[in-house]
Every structure is written in C-alpha cells, then in structure tokens.
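K.L.:
Sharing a structure with you now.
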Amino acid sequence: MDKATVISVWTLIIFAYYILATLLPVDKIIGRIYPFFGALLLFMSVGMVYGLVSAHLSATDPIDFFRTVNADGQGLTWEKFTQNFQVKGDVPIWPLLFLTISCGALSGFHATQTPLMARCAQNEKEGRFIFYGAMITEGVIALVWCAVGLSFYENPQALQDAISAGSPSKVVYDSSLHFLGFIGGIFAVLGVVVLPITSGDTAFRAARLQLAEIFGLEQRTLVKRLYIAVPLFVLGFIVSKVDFSVLWRYFTWANK
C-alpha cells in the first residue's frame, strides 16, 4: 500500500475506536484498555531515561547531555537554549514556547476532562491527585523527550535535518531504536503514539457529555448519544484533513 492508503486505513481504525470510546460506558472499553496504555507510557519514560543515561556512560561512544545545544563545546548557557532553536525572523521565545510544547510540559488540556472524572471520582478531594498529578506526569514525559531531543543529535542542524526529513516523529523513531533496540524501541514509539490517541477519545467523550449538559439532552440510550456524537465525528473527520501544522496553531491557542 502507498503512504496515502496507509494513512487512510489508520485514520479509519482510530476513528472506529473513537466511536466506541465515545458511545460506550467507560468501563466497557476505556477502563479496560487504559491500563495497557499506562504501561506503555511507563516503559517509554523509564526506558528513554535509562537509554540516555546508559549512552552518556558508554565507554565507546558516549553521548553528552544536551550536546545538541552545546555543539561548540563551550558549555551550556541560557542563550544557547533560546538562540539555537529560534525560528527565522528572530521570533521571541516568549510566549511562543507555550505554543511549541502546549500539550506537554505546559498543558491546559486536562481541565477538559472534568465531565469524565467527575463521574468516576468518589470524592472531590481526589481532584487534586487526578488533575494536578496528570499534569505533572505529562510534564515529566514531555521533559524526558526534551532531554532526548537536545542530546541525541550532534548539533542543531542535525536535529533540523531529521525533522525536515520525516517530521518530529522521526526524532522519536530514531532515538527510540538507538537507545532501546528494535523491540524496546517499538514499545517506546507506541508509548508516544497513545498520547494523541487517548487525547482524542477523551476529547470526543467529554465534548458529548458537555453538550448534553448544556442542551439538557438525556444520554441513557444509544440513540440519544448518537444525536450528539454523529455531528462531532463528522466535524472531527473533516478537521483530520486539515494540515497538522495549521491545526496545531488553533489547538495551542485553545489549550491555553
């Protein structure tokens, strides 16, 4: 199959999962599959830290921490972190940093999950652990990949070449397989893949519940859920055809 066909097939598979996750009760699919997703995230985070530290301590070909931004070997400075990865045109790092890593180290997306978690938590006091804990955990995962991205490549140009050749996903693929081997690398890549997938399923489900509450629509039967879910799915499929770099700009604005 060509690239376009592969993308279309995976888009349909993911949307099929989104439909089930949006319409079925939490314990029927999300509650059953999320522990597996969580295990992948844990393996990916710990594995990449282990791989990076092991590569740093290697006696044959050591990788210095943050060598990408310290390509001249003169030591790390704040200026290097702000200048080497600047967009052409001297665009300031603030506030664009918040847009670059909007769904990672700095994320407001967790607030959208209150319609889900409010129905699952037994006590309101659990909210701090759930939401603040999720934000800190996601921040740690994002910073792990920041460290990998700023250390794996020999210089900023090598990093930019990798991104230009295959998008940021190539950085994930190359570094995962280098640090963890083929099998471990595939699991690490899957750990990254589940992040946008789980964002999508919870976003659709939360949107359905929020709209139902706003318009006072009962959601006990499948037919009533479809009244809201079908328009959401149609809109989501249309949006999936928009160039991701353009879509990301709107997401970053909404996420803040």
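Every residue, even glycine, has its Cβ placed from backbone N, Cα and C.
Nobody curates TrEMBL annotations by hand; they come from automatic prediction.
Features from TrEMBL:
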TRANSMEM  6-26  transmembrane segment
DOMAIN    9-144  domain 'CstA N-terminal'
TRANSMEM  33-53  transmembrane segment
TRANSMEM  91-109  transmembrane segment
TRANSMEM  129-153  transmembrane segment
TRANSMEM  177-198  transmembrane segment
TRANSMEM  226-251  transmembrane segment
K.L.:
Residues sitting near the transmembrane segment (226-251): Cβ under 8 Å, six or more positions beyond its termini, same chain?
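P.N.:
Here the qualifying positions are 11, 15, 18-19, 22-23, 99, 102-103, 200, 204, 207-208, 211-212, 217, 219.
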K.L.:
With the transmembrane segment (177-198) as the reference, find which of 6-26, 33-53, 129-153 contributes the most Cβ pairs under 8 Å.
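P.N.:
Most contacts with the transmembrane segment (177-198): 33-53.
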K.L.:
If contact means at least 3 Cβ pairs within less than 8 Å, sequence distance 6 or more, would you call the transmembrane segment (33-53) and the transmembrane segment (129-153) in contact?
P.N.:
yes
